[in-house]
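Encoded as structure tokens, the structure appears first; notes follow it.
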């Protein structure tokens, strides 16, 4: 891709995100989301492969439909209440439409169908943007309007997302699709607590972004796209393969890794709100995700490839590992002891 075109796309992404998260008027928020959508399209379709073009088309259609619903929701609210302020969304129909629009933007169940397909058609770096940066503006809007939204609907969608993200990831062999279903599952955890403790949702989102970025940057360094290549990639950079296993287990939420912290805090908060059955259900559903993360971790480090005569080891690369990858991976593994400091932010 032309460096100038890439610079324009990245700058537009930053501009769109900044406009959306800093605006208090619905029209400005909508404008920021549209800038974001148009800026990411060239990055998705960059390889000029039929699958990449298909992914860009799907992404555009879904995001355009979601933006239309969001605009319709805000206009309906303004018609009945005279308010264009984001925090003043009070009309029930507008709240329902907004929940639908944000769910489509994020990829929450039952509006998740586009997300794995788009991620599968994108490169690893574009997948990183789609799973982290592109979810920040919709999460912010959901956070600002959460007091007005229907909690029963949000809880149902959250539990369905955690369940489907776990079930659908079980039989996947493509790494990007597995990470897409992992993202859907994590969004369920964020959504279930958003009304009771919005700051906890943000902390969960930040930690999820950090863990996903560490995983995807490691996969990019080792050029892994599916399980079969993951099994033979351990010879390239053995130390990085070991840290990849720990990053995946952190995403699964195993103690004593960083990923355990948000799940522990969410279950604790749900219990405080006397929602023990909900906490029990979502904790059990996280076991589904744990299964496919364990399978990935097993393929990354524990599986020894066949030593038959037609098997050739991959060359060990001398390319130095990126400092950003190293930093993110270290934080992904070691942040749990700093939980008192993180809790002081709540």
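Cβ coordinates come from backbone N, Cα and C, glycine included.
Automated prediction, rather than curation, is the source of TrEMBL annotations.
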Given the ranges 121-140, 281-300, which one is assigned the annotation transmembrane segment in TrEMBL?
281-300
What is the average pLDDT across the domain 'NADH dehydrogenase subunit 2 C-terminal' (290-343)?
76
Quick check for me: are there 3+ Cβ pairs below 8 Å between the transmembrane segment (151-171) and the transmembrane segment (60-82), leaving out pairs under 6 residues apart?
no
Spatial neighbours of the transmembrane segment (94-115) far in sequence, C-beta under 8 Å, 6+ residues away:
33, 58-59, 62-63, 65-67, 69-70, 72-74, 76-77, 80, 135, 137-139, 141-142, 145, 148-150, 153-154, 157-158, 160-161, 163-165, 180, 183-184, 187-188, 191
